[in-house]
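K.L.:
Structure incoming, see below.
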Amino acid sequence: MYVGIPTTISDCQMVAEIVDLDDSGYVDFQEFLMCMRLFRDRELAELKNKLQALGADDSESILPCEMLNLLHSTGYVADQEVVNEVLQEIGIEAEEQIGLGSLWKFLVIFRQREGLTRAETMRVRKAFKKYASGDEGDDELIREVQTDDIPKLLRLVGYTLALEDQKQLVAQVDIDRSASLNILELKKLVRFVRERRTRDLQATINKYDRSDTGVLSEREALKALKDLGCLREELSVLPPEVLEDLQEGFLSHAAFTRSVQEYDELRRRQLIDSGGYTMEQMEQLRRQFSYYDWDDSGDVSKKELVQLIVDVFPDMAFDPDKRPLLLQIMRETDSDSNGKLDFSEFLQLMRTVEDLEQLTQLQKERSVIDETRFTSNEVSEFRNIFLAVTKGEPRMNLADFKEMMSPVCPMGDKNSHAISAMWMEICDSGSKMFDFPDFLLIMRRLLDMNFANMNQRLGRVSQRKTHQF
């Protein structure tokens, strides 16, 4: 996945076993090169078979119009625009046959681009330059952006992610845990975001076309577009631009995919223009702004501003030590220095609040990872478990945690009460809900004390030696 070659976990495990000649359980650089050679040979063989299957008269070649289908059938995530751009870049004409050599040349450039179009690559580079370290004249490859700035940077590209999704994807890219990304890693991150959306799209198509007929009914297409967030729940008919693509009451997978991509592109433009807020979020923020604009003047004046600050910054509003930061935030937000906030300034203030909350959460997680001494792989595995249990939500309740632990820790009264006590001790402010850093803390404690012999039940020893200072 990281280098852009479609594969599965089982395939990776099988290849790793082949190249791990010393049975160390690790792959050194020489073994890694062998690993990549095996993947390349396997991919070449698969591509040759695909060309034979798709080519006319066993010609082992295809036309450019068939390239997108070939990519999808081999596990690549792509859209027609980037396919057309890469074909143009390697000099393939519309009616020219594409053999194995040209196909491999195509894939080399496609992977170098991370599957991004020229327009998207330009947006990524522009956002990168805004937040990257060093001077603008420095080589782009030696500059880096801090992972704390990723939410702001993604908004400039037209994407917005839930914090847990963002942390999960950043962890897959920032493999050295440097908390910074170069331009190549950033483009890879954007690819991961795009691929996640594409997988959601395909899963939704499969959900409504279980028989793999290649089409969706009008009713199925409406439900599917709602599931993907393209249409509001209250809509009862497809929009006119989608209805135009119906053939005898059905929408082909290709037409449906094209409609989703058009909605996604429109949404990206809206996110860029609004500072990362969707239309629904903008409507909610307008209602919130009106709540503080008591006199309907179109701005929040000084008297109205007091209540806004207390509601938005409850900790800072009454803490003398945090007052300088609060005053700085308000000065930066009030761009015309008139002591009032219009709607655009209000949006900037709310964005600042959200960025501060995310930054606090990211800093807490980094501190907890250092404290618990979990490896990058362990953190990634725990995050996947956490998100699976919470169904993608940022917090977990005690009942779900106990149910998750029950296969390795019998939940009799004694164990149940002991876990409840630890849970309440770790939970901050008595919220009775765990975020992911809290989850890591309790797992570290349970593993270190071998709670209810859970290490033996897990089939591994988790007690690790601490660093010597």
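Any Cβ shown, glycine's included, is placed from N, Cα and C.
TrEMBL annotations: computationally assigned, not manually curated.
Quick paste from TrEMBL:
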type	residues	note
DOMAIN	7-42	domain 'EF-hand'
DOMAIN	196-231	domain 'EF-hand'
DOMAIN	280-315	domain 'EF-hand'
DOMAIN	321-356	domain 'EF-hand'
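Give me the structural setting of these features: burial, nearby parts and distances.
P.N.:
For the domain 'EF-hand' (196-231), the list of distant contacts is 77, 165, 169, 237-239, 242-243, 246-247, 249-253, 256-257, 259-260, 263-264: same-chain residues at least six beyond its ends, Cβ to Cβ under 8 Å.
Per-class residue totals from DSSP over the domain 'EF-hand' (280-315), listed helix then strand then coil: 26 helix, 2 strand, 8 coil.
Per-residue confidence over the domain 'EF-hand' (321-356) averages out at a pLDDT of 82.
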K.L.:
Please indicate, using numbers and ranges, the residues of the same chain that are 6 or more beyond the domain 'EF-hand' (321-356) and have a C-beta under 8 Å from a C-beta there.
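P.N.:
Same-chain contacts beyond the flanks: 151-152, 274-277, 285-286, 288-289, 292, 298-302, 305, 308-309, 312-313, 315.
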K.L.:
Taking residues 6+ outside the domain 'EF-hand' (280-315), which of them lie with a CB under 8 Å of any CB in it?
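P.N.:
Beyond its ends, the domain 'EF-hand' (280-315) has Cβ neighbours at 274, 322, 326, 329-330, 339-343, 346-347, 349-350, 353.
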K.L.:
Could you count the residues of the domain 'EF-hand' (7-42) that DSSP puts in helix, in strand and in coil?
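P.N.:
So the domain 'EF-hand' (7-42) is made up of 25 helix, 0 strand, 11 coil.
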